[in-house]
Amino acid sequence: MTKEEVNDIIEGTIMEMGLQDCADRLVGNWHLRGISGGEKKRLSIALEILTRPSLLFLDEPTSGLDSASAYFVAQTLRNLGHDGKSTVISSIHQPSSEVFALFDDLFLLSGGQTIYFGPAQKAVEFFAKAGFPCPSRRNPSDHFLRCINSDFDAVTTTMMACQRVHEEMSITGSLSTAAIKATLIEKYRWSEHATTARARIKEISTTEGHGFESKSKCEAKWWKQLSTLTRRSVVNMSRDVGYYWIRITIYVALSLSVGTIFYGVGSSYRAIFARGACGAFISGFMTFMSIGGFPSFIEEMKVFYKERLNGYYGVGVYILSNFLSSFPFVAVMSIATGTITYYMVKFRTEFSHYVYICLDLIGCIAVVESSMMIIASLVPNFLMGLIIGAGYIGVMMMTAGYFRQIPDLPKIFWRYPISYINYGAWGLQGAFKNDMIGMEFDSLEPGGPKLKGEIILKTMLGIRVDISKWWDLVAVMIILVLLRVLFFFILKFKERAAPFLYSIYARQTLQRIKKRPSFRKGPSFPSKRHQSLHPLSSQEGLNSPIH
């Protein structure tokens, strides 16, 4: 599509949802007010109907909207369904009579059992034939829910003396809601609506193939996907203060603290330990702060899952765009930290050593961010992710070679393979080599021979000096690439495994529902073929009419 065509569709969708007045305003986040709740609701619907999907699921699209907005949103959805391109399925919360009149079909569920499934306008007639007519001045949807919601039967029994309850009982007789629901289920089971539904399901089941094209693959070119995702991520990261800006501020503040504490550390014998502690803090604890972006990672993963299910872009494109958009911020943090500490502590005078420490920090922080993204894709909430992420980084710090030298680590597990896949071990070794090789330190005794940095690395820190520091940096970069590849395979595996896991969960949920006493007392389910109309019912919306 051309840019003009895209803009025309966007402007048309904005007008359909009545978002013209807030079209140029920011959506908002935790520190920015942005648009109202109702406008966000309409915006979320607009994002879904923008591509005119063949099948559109909506969960209570009118909740939080005033009556006028709810009506126009429902009217837009009706038009979308009637243009022949989309089928709209929606749970609805307390629809007005005007909104209810817009529905084509109605699906009533209660406790996982079908009360009614058929044309919405014939539902009133069905209830009347069953012996529960809708009063002339009552909203049909309110009447339906009152007849099938048995949650308050016990409360109603204790309030029989109330005149208002007597008035309600005059409509339904002396029957409880559970009895009314059982009657309606039995009536529907043998009604023409159930017969029509079973016949239609049988017809669909015997049809070979599908009558639609799957849109699981995005039609846009990969470079367009990459540029769009990268641009959006950069905008999001730059606008959200908590994503990187606060972390950059903390990095600068801590770097100044490190610089003042270790200022002009020198080359005395005591400076050996000071330089080691300073290097360990920078490559260890400074990278630990990357865990602060975990809440933002969790929110980003939620957006990815939603958009990926709609087939907007590929997994590989998303991972690459995430790295490219975050790289400038990671570079700013690393260069700021490296510049402040390098020149305040006065490690070495050569510019190549300054470049190395900046590259080492960039690699280590990028590895930690990649690790946090992997954890974010595996945990259900950010609190669990923070705990697991902190534990992971703690293990990396313990085996990095500062708290205990790598040759002294137990060979089983801790040295092989943990220390070799530990970004901190390679990063810290490279930092120590970058600082000490070529330097000379005073001996413990005044006037004694100078101590070479290479000897200190081998004897005091247990680091091999025959391997170049640049190979240590290469090892960090390899770990970074491997983590991104692992992230890719995890997301792909979750895509393939999710339907299987959801089907297991659905079967277990249905078995638990069948074991309920209230379920066993009610009438039996229709045939298995009929059950396929409602194999899954969540607690939210069990009594909701469905369009």
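Placement of Cβ uses the backbone N, Cα and C atoms for every residue, glycine included.
For 534-547, the entry in TrEMBL reads compositional bias 'Polar residues'. As annotated by TrEMBL, domain 'ABC transporter' applies to 10-63. If you look up TrEMBL, you'll see 93-150 marked as domain 'ABC transporter family G'. According to TrEMBL, the domain 'ABC-2 type transporter transmembrane' annotation covers 225-434. Residues or ranges marked as region 'Disordered' by TrEMBL: 516-547. Under the heading transmembrane segment, TrEMBL lists 244-265, 277-298, 318-342, 354-376, 382-403, 470-491.
Contact count against the transmembrane segment (354-376) (Cβ pairs under 8 Å) is highest for 318-342, out of 244-265, 318-342, 382-403, 470-491. Counted with DSSP, the domain 'ABC transporter' (10-63) comes out as 23 helix, 7 strand, 24 coil. Counted with DSSP, the domain 'ABC transporter family G' (93-150) comes out as 23 helix, 13 strand, 22 coil.
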